[in-house]
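Taken straight from TrEMBL:
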TRANSMEM  50-71  transmembrane segment
TRANSMEM  77-99  transmembrane segment
TRANSMEM  111-132  transmembrane segment
TRANSMEM  174-197  transmembrane segment
TRANSMEM  245-266  transmembrane segment
TRANSMEM  278-304  transmembrane segment
TRANSMEM  324-347  transmembrane segment
TRANSMEM  376-395  transmembrane segment
TRANSMEM  401-420  transmembrane segment
TRANSMEM  465-484  transmembrane segment
DOMAIN    494-543  domain 'Cationic amino acid transporter C-terminal'
TRANSMEM  496-515  transmembrane segment
TRANSMEM  521-539  transmembrane segment
Amino acid sequence: MDILQKDASSSSTSCFSHFCSSALRAKTLKSSSPDGSGEGLIRRLGVFDLLLLGVGASIGAGIFVVTGTVARDAGPGVTVSFILAGASCVLNALCYAELASRFPAVVGGAYLYAYTAFNEITAFLVFMQLMLDYHIGAASIARSLASYVATIFELIPALKGNIPPWVGHGGQEFFGGALSINILAPILLALLTIVLCQGVKESSAVNSFMTSTKVLIVIFVIIVGSFKVDVDNWSPFAPNGFEEILTGATVVFFAYVGFDAVANSAEESKRPQRDLPIGILGSLLICVILYIAVCLVITGMVPYNMLGEDAPLAEAFTSKGLKYVSILISIGAVAGLTTTLLVGLYVQSRLYLGLGRDGLLPSIFAKVHPKRHTPVHSQVWVGIIAAVLGGLFNVHVLSHILSVGSLTGYSVVAACVVTLRWKKRTENQDSSKCMSTWCEGVIWIVILACCGFATGALYRFGGSFIFIIVALVIAILACAALCFRQDYSEAPGFSCPWVPIVPSVCIFFNIFLFAQLHYEAWIRFVVLSLVSVGIYAFYGQYHANPSSDETIIYHMAPEEDGH
């Protein structure tokens with residue numbers, strides 16, 4: 001009996017030891033320039049394609065809806081909300097741009113960065129959080145797109161009022177709403193999946209056409225609307241005070257989400273080290289300008305308290321007798337939703353491709369079509385998941401648990417920028433000192449994140465101003481410790497300025513926004529993290545590439561040149 005107990009104890013210890021050693025593995029880096037040779041995706045995306053990819057991912061129907069709904073609370077000050085949110089996203093984009101320049105050879109985005117800077121389990125957790133956002137988001141967008149398409153079909157007199165709910169408008173509910181049938185959403189998803197499977201050149205052409213269409217419509221709307229602006233409507237500029245403007249910034253922050261899609265196209269970019277940072281930052285700046293211009297126009301055309309709830313921009317033009325512009329806005333919304341959905345499906349398949357290559361998911365996800373040069377299996381899988389969710393469930397009710405993955409991913413990317421700057425300075429130190437320095441830095445990053453959450457929670461629930469100040473002071477001290485207790489090297493390729501200050505601000509504000517999410521989003525984060533650890537424990541740790549000779553070598557940018 002004692003022998004059996006000892007064997008069981010030894011076995012459990014061995015399993016735990018294997019789990020820890022596997023979970024703490026990091027990706028091997030090789031300092032060399034990518035040549036794009038060998039099996040994989042084909043490099044066909046130029047800088048213009050990447051710019052349109054980023055804009056296509058960010059600007060959807062939100063530009064026609066979110067701007068007006070936030071303006072009802074913030075007034076004309078919604079413009080400042082978009083400026084604040086845009087400034088925060090620019091800081092996040094600087095972090096993404098540096099890492100995209102460091103790892104220009106292979107897909108992966110935030111997952112790959114976490115795998116290199118931290119370890120395997122962190123990378124897998126980031127993937128799972130991002131993927132749930134992408135899956136639910138794609139299904140939700142598909143339903144919205146189906147509704148807009150059905151509305152356009154109803155312009156045909158014979159179809160007006162004759163399209164049943166189960167075709168496009170919302171869905172036909174069964175079993176008390178547990179099921180909500182919609183057949184147009186899966187059809188649209190199937191069509192976009194086919195386009196994506198054809199190749200990056202074909203899908204990029206569709207994205208470029210649709211994105212150009214919606215941007216031209218937005219510019220036209222801004223120009224036409226500017227002639228109907230009454231400057232008296234901009235006064236008072238902040239009718240409900242700065243607090244509503246700040247709250248509005250936390251809402252519209254998510255209107256900018258999407259520039260990370262450019263980072264996930266690394267393996268298909270012609271000149272990734274130069275073009276990826278341009279695509280990330282350039283697309284974001286284009287979105288900032290368009291959002292601010294739309295805000296000024298809509299709040300100048302109509303008093304903020306008279307803006308509609310569902311389609312404020314379209315209603316504003318209708319009220320001015322410009323109904324034809326409202327029709328253009330509907331077309332722009334369709335184009336916007338199509339590109340957002342297209343890019344979302346594209347990004348998901350590339351993430352599955354990365355995990356399939358690394359062994360954290362079955363190898364079928366790593367297969368690339370020899371002629372099309374697309375991850376067909378991953379793309380079809382992503383399309384099926386979105387089609388099932390969008391065709392059978394009202395995923396809009398899950399919107400309040402979204403954005404967890406984006407905020408988590410952005411925070412980890414910012415932390416990766418900091419930690420990867422340490423490594424070159426600590427490689428030549430003895431292992432004990434290096435580990436101690438590295439662990440100390442990670443602790444300060446965790447403290448910074450905790451302060452961000454505490455500040456956000458106190459702000460949200462009306463906590464004492466003294467406690468908010470204390471949390472801010474601790475965060476500043478943690479940032480100071482990162483500045484003075486660590487040595488930093490210059491990054492090869494594009495360099496994020498003022499490291500670690502800029503990444504620290506990103507981490508703090510991202511987690512501050514995390515605290516503003518619905519409490520169910522917090523529960524989702526914890527539950528999904530536990531499920532992710534379970535999946536990794538039973539599958540990932542045994543199938544991931546464990547030894548250096550089997551591990552895919554991800555390329556860093558060369559020290560001396562960024563081209």
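Placed from the backbone N, Cα and C atoms, the Cβ positions cover glycine too.
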For the domain 'Cationic amino acid transporter C-terminal' (494-543), the mean pLDDT of the predicted model:
93
Decide whether the stretches the transmembrane segment (278-304) and the transmembrane segment (376-395) have at least 3 CB pairs under 8 angstroms, with pairs required to be 6 or more apart in sequence.
no
Count, for each of 50-71, 324-347, 401-420, 496-515, 521-539, the Cβ pairs lying under 8 Å from the transmembrane segment (111-132), and report the range with the highest count.
401-420
Summarise the domain 'Cationic amino acid transporter C-terminal' (494-543) as counts of helix, strand and coil residues per DSSP.
41 helix, 0 strand, 9 coil
For the transmembrane segment (324-347), distant same-chain residues with Cβ under 8 A (at least six beyond the ends):
53, 56-64, 109, 134, 137-138, 141-142, 144-145, 148-149, 151-152, 188-189, 192-193, 195-196, 203, 206-207, 210-211, 213-214, 217-218, 220-221, 224-225, 258, 260-261, 264-265, 311, 313-315, 317-318, 379, 382-383, 386
Please work out which recorded stretch in 50-71, 245-266, 401-420, 465-484, 496-515 has the most C-beta pairs separated by under 8 angstroms from the transmembrane segment (521-539)?
401-420
Determine which recorded stretch among 77-99, 174-197, 245-266 has the most C-beta pairs below 8 angstroms with the transmembrane segment (401-420).
77-99
Tertiary contacts of the transmembrane segment (376-395), as residues 6+ beyond its ends and Cβ separation under 8 Å:
135-136, 138-140, 142-143, 146, 170-171, 173, 177, 179-183, 185-186, 189-190, 192-193, 196-197, 345, 348-350, 352-353, 356, 364-365, 367-369
Six or more residues beyond either end and a Cβ under 8 Å away: which residues meet both conditions relative to the transmembrane segment (50-71)?
78, 81-82, 141, 144, 148, 204, 207-208, 210-212, 214-215, 218, 248, 251-252, 255-259, 261-262, 265, 269, 275-276, 278-280, 282-284, 286-287, 290-291, 294-295, 298-299, 304, 307-314, 316, 329, 332-333, 336-337, 339-340, 342-344, 347
Intrachain neighbours beyond the transmembrane segment (174-197), with Cβ under 8 angstroms and 6 or more residues off its ends:
138-139, 142-143, 145-146, 149-150, 166-168, 203, 206, 338, 341-342, 345-346, 349, 369, 372, 374, 376, 379-380, 382-383, 386-388, 390-394
